Amino acid sequence: MESFLHTKWISTAASIWIQCTGGASYTFGIYSSILKSSQSYDQSTLDTVSVFKDIGANVGILSGLLYSTVTARRSGLLSGPWVVLVTGAVQCFVGYFFIWASVVGLIGQPPVPVMCLFMLLAAHAQTFFNTVNVVSGVQNFQSFSGTIVGIMKGFLGLSGALLIQVYNTICQGDPTTFILILAITPTLVSLSLMPFVKIHGTTSVSDKKHLNGFSYIALIVAAYLMVIIIFENVFVLPSWAQIVTFVFLLALLASPFGIAFKAYGDSGWSSLETSCLMYDPKPMPPTEYDEVQEQGEYGEIRGEPDQGKSIALSSDVNLLDDQDDIVFDLSKAMLTADFWLLFIAMICGMGSGLATINNISQIGESLGYSTVERSSLVALWSIWNFLGRFGAGFLSDILLHKGWARPSFMVITLATLTFGHLIVASGFPGNLYIGSIVVGICYGSQWSLMPTITAEIFGVRHMGTIFNTIAIASPIGSYIFSVRIIGYIYDKVATGEDKSCYGTRCFMISFFIMASVALLGFLVAFVLFIRTRKFYGGIVVQRLGRS
């Protein structure tokens, strides 16, 4: 029997805790005002810094390559996921520490490019934490990849609200101290728990039951956070009440370790746990998708038929691993139309959603929302972001086992995102509360659906590198929408010495433009859905049916 500390369940619980502190980039709205005033930035400059935050938090090619390298080694000092976590922890501390030092005047005011570098380093740590937790989770629970990705991405989405509770309880509304806490907390948590995050090639008949346990904890934590945020918005809680609610929150976050212990106990009574690498060696019967591959249709890029055909025809040799799974490396994946359809859809969905959260505090200020209301919007965004990430992964996994193609969820959420941007653009009283719910859920959904679809279409072996490459679409879209559209239009209509703008005119045009872009993303995702229907009707469903 495996030691409790060396099971995939304790690994999952440790990953959840790292995810809970790894989303510091989502709290930018808390300290963006002090950063803007202390460094004498205008809105466009602040948006430029925020774009480098987005680049760091989403461009995870290096973390994907490093993860593939260190996990491919069977032994040696620099082998295993811990190497990636240490690399992320160092970047997190260095980046946020120098941002804090700049704000408090410990060092001289850095030039804008240097501040952008600090922000890039701080946020880039998130990709290292996220890559380890998501990819190792998928490798540990391949039959329920959507569920485990939803759990990991969901807790990452909740991390913004969790860290804001740290801000409310410990910092007492001081954003400068909060920046220092962002340098220390994720670093300590990841370094403390990194020995437990490992890849375990086992599967069990009780996997789904215990994964559901983690899911229930996630929902309870999200509901509890939402109640706290609403209470803080309506009432002024005394210090002792904030401490009590925070301690209870920590107790809830300890629950995953209890589930891990229960799962370990169940596995002790079961001899059904076997290696994931020991699937039925008999080849799968031919499917309609196999016939499509033989004809060179799958992966073919219009205008480059020879390249697409060569990939499709070589699938029997190069694209199948020892698990009867599909294997594309990054270079082969980038030669497929499906890669670029995902990439464009993510520019539209992730990019416009990220631009919304980066500017939600300024939008609230222009519409007359109070400071408490703006902080609540930032915190509640994490809840909606979580619901999108968790719900899309959990529900799409259930329906995938019933024959639904996962890209259909991407089509639905991007269509809904269009209406969310229109609500924000409207400017009616309370529009930000409704609009942030719609945009937050739809934005979060993309972060759960995209990695899972990537693993299913291109395989698990190089999943970390491929999905992190597609995630570059998020900062690209954020730069276009935040700097070139939102920031540019805001500065054009702003008046006064403080370069502030008030009224619906500040952001209305920008969000009408982003609604149009989200509609384009819906159309692109629909094309992806049409292209992959046969694939999901064949290989994926049969593989899940065997597990």
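Residue numbers in this text run from 1 along the chain shown.
Cβ atoms here come from the backbone N, Cα and C positions, even for glycine.
TrEMBL annotations:
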type     : residues : note
TRANSMEM : 82-106   : transmembrane segment
TRANSMEM : 112-132  : transmembrane segment
TRANSMEM : 144-166  : transmembrane segment
TRANSMEM : 178-199  : transmembrane segment
TRANSMEM : 211-231  : transmembrane segment
TRANSMEM : 243-261  : transmembrane segment
DOMAIN   : 337-547  : domain 'Major facilitator superfamily (MFS) profile'
TRANSMEM : 339-357  : transmembrane segment
TRANSMEM : 377-400  : transmembrane segment
TRANSMEM : 432-453  : transmembrane segment
TRANSMEM : 465-487  : transmembrane segment
TRANSMEM : 507-530  : transmembrane segment
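Most Cβ pairs under 8 Å with the transmembrane segment (432-453) belong to 377-400, among the candidate stretches 82-106, 144-166, 243-261, 377-400. If you look at the transmembrane segment (82-106) against the transmembrane segment (178-199), you find at least three C-beta pairs under 8 angstroms, all six or more positions apart, and that counts as contact. If you look at the transmembrane segment (112-132), the same-chain residues 6 or more away from its ends with a CB under 8 A from one of its CBs are 15, 18-19, 22-25, 39, 41, 45, 48-50, 52-60, 62-64, 66-67, 81, 84-85, 87-92, 94-96, 98-99, 102, 152, 156, 182-183, 186, 190, 197, 464, 468, 471. It is 144-166 that, among the stretches 144-166, 178-199, 211-231, 339-357, forms the most Cβ pairs under 8 Å with the transmembrane segment (377-400). By the count of Cβ pairs under 8 Å, the stretch nearest in packing to the transmembrane segment (465-487) among 144-166, 211-231, 243-261, 339-357, 507-530 is 339-357. Contact counts against the transmembrane segment (211-231), taken as Cβ pairs under 8 Å, peak for 144-166 among the stretches 144-166, 339-357, 507-530. When Cβ-Cβ distances below 8 Å are used as the criterion, the transmembrane segment (144-166) is approached by residues 12, 15-16, 19-24, 26-27, 30, 126, 130, 133-134, 137-138, 178, 181-182, 185, 207-208, 211, 214-215, 218, 221-222, 225, 228-229, 245-246, 249, 253, 375, 378-383, 385-394, 396-397, 400, 406, 444, 447-448, 451-452, 455-456, 460 of the same chain, each at least six residues removed from its ends.
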